[in-house]
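Taking it in order: structure first as structure tokens, then the write-up.
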Amino acid sequence: MEPVPCLLLLLLPLLRASTDTPEPCELDDDDIRCVCNFSDPQPDWSSALQCMPAVQVEMWGGGHSLEQFLRQADLYTDQRRYADVVKALRVRRLTVGAVQVPAPLLLGVLRVLGYSRLKELALEDIEVTGTAPPPPPLEATGPALSTLSLRNVSWPKGGAWLSELQQWLKPGLQVLNIAQAHTLAFSCEQVRTFSALTTLDLSENPGLGERGLVAALCPHKFPALQDLALRNAGMKTLQGVCAALAEAGVQPHHLDLSHNSLRADTQRCIWPSALNSLNLSFTGLQQVPKGLPAKLNVLDLSCNKLNRAPQPGELPKVVNLSLDGNPFLVPGASKLQEDLTNSGVFPACPPSPLAMGMSGTLALLQGARGFI
């Protein structure tokens, strides 16, 4: 038998075994993205070493507890021993999900990541357990993040979790996303000012509501806030939202209230003076709300239940207006939206039939400018 075919025959069992037991971590050919899925009952955690060259890293823990790593490494008091290794990492974006992690381990890792160039951190489907260690010195020693995203993360300290986590991050956070939170009733007296935060996204918290929004928007803790997203956040009235914003002292330029069931409001809203973009799509509105800001750059009223075109005087002065997907433009759209929404599905906005190469929005704008 020729040597080369013979060698291939000998390797076949190894190749078959390799396909049957794939590595939990995969690094792409450009050393940019690395994804680990430790879903096996006894995962090979050492496979994560493959991700050391990557810029974007995702670690999915398969629901396992990371308690064993707390016993193996003292990241809290002896973090400098890891400094050289962490400084060499290229990672800029890190996602960790589906694990149970002891609080000392999580905060210890954050402290070690202070030596890294990490800019974006996302935690998803995580249960933080145990008691946190004492806070670090006054100067924060954690990573200098620009973006922090948290989805379905449970903390052992209730409303104090944000202030506790904040102590382990360097100042300068610009974007904060919190979805499916177990509590947003923060201990505001303990929360430090987010002086650089321009974007706050509290979407996908249906139990929040206007009262919860007052507790979440700690007064005068978000002085630089420009973009506020509250999609599917249990908002009921525009007046209630406006009151919460006023109490918190925030002046967002962009406000997203889409996917909330808004009802008709008898009280007029005192809008933030800086507001120039308002998204009210998928809110079930049957008419244009009264008391909208006098002037907006962007107003999105698409995918609602408007049965007629807005009348003169109902709309503010607006540069970019979207009314696509309303019943007066798309016959049957209202019934379709109601059926899908009741089933828990948020449909894509139906396209408007208006216009020969022109979107319904642009076509309507041309007609609307006569009475705006």
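Just so it is clear, glycine is given a Cβ too, placed from its N, Cα and C backbone atoms.
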According to Swiss-Prot, the disulfide-paired cysteine of CYS242 among CYS218, CYS269: CYS269
CYS51: disulphide-linked cysteine among CYS34, CYS36 [source: Swiss-Prot]: CYS34
CYS218: disulphide-bonded cysteine as recorded in Swiss-Prot, out of CYS188, CYS303: CYS188
Residue from CYS36, CYS51, ASN279, ASN320 whose C-alpha is spatially nearest that of CYS269 (disulfide bond), among the recorded positions: ASN279
Surrounding residues of the repeat 'LRR 6' (198-225) on its own chain - C-beta under 8 Å, 6+ positions past either end: 151, 159, 174-181, 184-186, 188, 191-192, 231-237, 240-241, 243-245, 247-252, 256, 259
Entries of CYS25, CYS188, ASN320 which, being recorded positions, have CA atoms within 10 angstroms of CYS51 (disulfide bond): CYS25
Close in space, distant in sequence - ASN279 (N-linked glycosylation site), Cβ under 8 Å, 6 or more apart: HIS254, LEU255, ASP256, LEU257, SER258, VAL298, ASP300
Long-range neighbours of the repeat 'LRR 8' (253-275), counting only residues six or more past its ends (CB under 8 A): 203, 226-239, 241-242, 245-246, 281-287, 289-293, 296, 298, 300, 346
